[in-house]
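Heads up: the structure comes next, in structure tokens.
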Amino acid sequence: MDKVLLGCHVSMNKQNNYLVGSVNEAISYKANTFMIFTGPPQSTLRTNTNHLYINQMHELMNSYKIDAKDLVVHAPYIINIANSVDQNKWEFAVNFLIQEIKRCEEIKIPTLVLHPGSYTTGNYKDSLNQIIKALDMVSNYQVNVKIALETMSGKGTEVCSKLEDFKYILDNVKNKDKVGVCLDTCHLHDAGYDLSKWTEFKEQIKQNFNLDKVLCIHLNDSKNMISSHKDRHANIGYGFVGFDTLVNVVFDKDFSNISKILETPYIDKKAPYKIEIEDLLNKTFTNRL
């Protein structure tokens, strides 16, 4: 089998030379891929990409055999392209998403994960149509970047906790090659999908869209029981999804060419990723966190 693409969310900040620091952090965890935000996830503040050490980042990655095509950017949380109630907020979301797409193109990271959003006080189906409308609008700015809509837990008024929602969106967007899906294992579990029956779950995916539409996987355990609709991530092996189930996901041959990204909680202000990556690759839960 090819190498397993396994990494995590890493920081990007000025004191660590932005993207160079992101690569160094990933290397320190023995990760061979990673995910970043291009700026604060809850704000519009952004540092110009000219100052992010893009060339140095790619040189450093080359020396460690990390391929830029495997990297992932997470879009800001404040983008809600599902808003069918407030036109101004929807337009803000679309314009901010366009900015993020441009930044991904400049950094040369080809996958942009996006939370589909919430219907707030609106109608559920209208929200799905707003998502489609937004994706059609931003597609002109996508040259090498694909948007991966993330599976959600169904907390509050979130849309896209059901695979059928993704089928509807993927069937109706104009530029189908520019949109895919990010599977989040915690969110899927919290939404009611039993991932311990992984083969059966993959069949459910195939009833709605092709497996090659899955562009990346967020690998998280869950602090809550199945169908809880909570979205509280647990460390690998310490939650209700379970270590063996997550090992099955990591080593699934159908997904060998896409990145599995950990977004698990820090323990005592320390990242757990080095231990989690080691345990997953060794297929052995060592209970060291």
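Glycine is treated like the rest: Cβ placed from N, Cα and C.
Zn(2+) 1 binds H74, H115 as Swiss-Prot records it, and from the list E25, E150, E164, E200 the residue named for this site is E150. Just one of H187, H189 is listed by Swiss-Prot for the same Zn(2+) 3 site as D231, H233, and that one is H187.
Cross-referencing E106, E203, E263 against the Zn(2+) 2 binding annotation in Swiss-Prot, which names E150, D184, H218, picks out E263. Using a 10 angstroms CA-CA radius around H187 (Zn(2+) 3 binding site), the binding-site residues that qualify from E150, H218, E263 are E150, H218. Annotation: D184, H218 are the binding-site residues among D184, H218, D231, H233, E263 whose CA atoms are within 10 angstroms of the CA of E150 (Zn(2+) 1 binding site).
Neighbour counts were taken at the CB atom with a 10 A radius for the binding-site residues H74, H115, H187, H233; the maximum falls on H187. In the three-state DSSP scheme, H187 (Zn(2+) 3 binding site) is classed as helix.
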